[in-house]
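K.L.:
Annotations for this protein, taken from TrEMBL, read as follows:
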- 6-24: transmembrane segment (TRANSMEM)
- 29-46: transmembrane segment (TRANSMEM)
- 52-70: transmembrane segment (TRANSMEM)
- 77-99: transmembrane segment (TRANSMEM)
- 105-125: transmembrane segment (TRANSMEM)
- 137-161: transmembrane segment (TRANSMEM)
- 167-190: transmembrane segment (TRANSMEM)
């Protein structure tokens with residue numbers, strides 16, 4: 001399965017790269033295809049009824065479908081709400097795996113500084129990204145989504161420091177690249193940077209590859225523990 005995931009991911013990266021030059025598939029459609037393929041891999045690794053780690057991969061294709069109708073406000077709201085649930089689910093699963101880890105004063109200072117700096121950046125960028133939002137509820141969900149992305153990167157970073165292994169390395173890379181992909185998506189949707197669409201797909205493929213591999217490593221770990 002590891003080799004299959006790697007090969008398919010490489011093919012998707014190649015398709016995304018070719019699509020930058022020839023645009024043979026609409027970027028948003030390609031994004032749905034990408035997330036659906038990785039959902040299939042996640043389902044092969046862990047059954048949804050037995051492993052809650054599949055849930056985030058179920059939610060992502062739904063988020064991508066909502067991007068197709070982005071011009072309508074209720075679709076934007078549906079996207080934000082679904083993506084917020086995705087982020088909260090991923091955060092919950094990460095904290096649950098992380099378990100009880102001793103937090104030092106240094107950790108608090110570093111994580112607090114990271115949160116403060118990135119929150120300031122989010123509020124600054126929000127002036128540009130939220131300009132098309134026509135209602136208060138859309139603006140609120142936009143900022144909630146942004147703060148949760150920052151929090152998820154923080155948790156993944158903390159995770160990788162205190163439980164350094166293949167699982168945490170894959171997870172941190174996946175989360176970091178996914179957050180970059182989200183930043184590019186906002187630039188595309190709110191600043192009309194359509195030439196970035198396929199760059200987003202490249203980041204998306206690589207991020208989901210690492211997230212699926214981290215999920216696979218976690219499932220293997222659980223099975224080894226139960227033997």
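The backbone N, Cα and C atoms fix where each Cβ goes, and this holds for glycine too.
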K.L.:
Between the transmembrane segment (137-161) and the transmembrane segment (77-99), are there three or more C-beta pairs closer than 8 Å, counting only pairs 6 or more apart along the chain?
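P.N.:
Contact criterion met.
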K.L.:
Cβ under 8 Å to the transmembrane segment (167-190), counting only same-chain residues 6 or more beyond its ends: which ones?
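P.N.:
Counting only partners 6 or more residues beyond its ends, the transmembrane segment (167-190) has Cβ contacts under 8 Å with 67, 70, 90, 94, 125, 128-132, 149-150, 152-153, 156-157, 159-160, 196-197, 199-200, 203-204, 206-211, 213-214, 217-218, 221.
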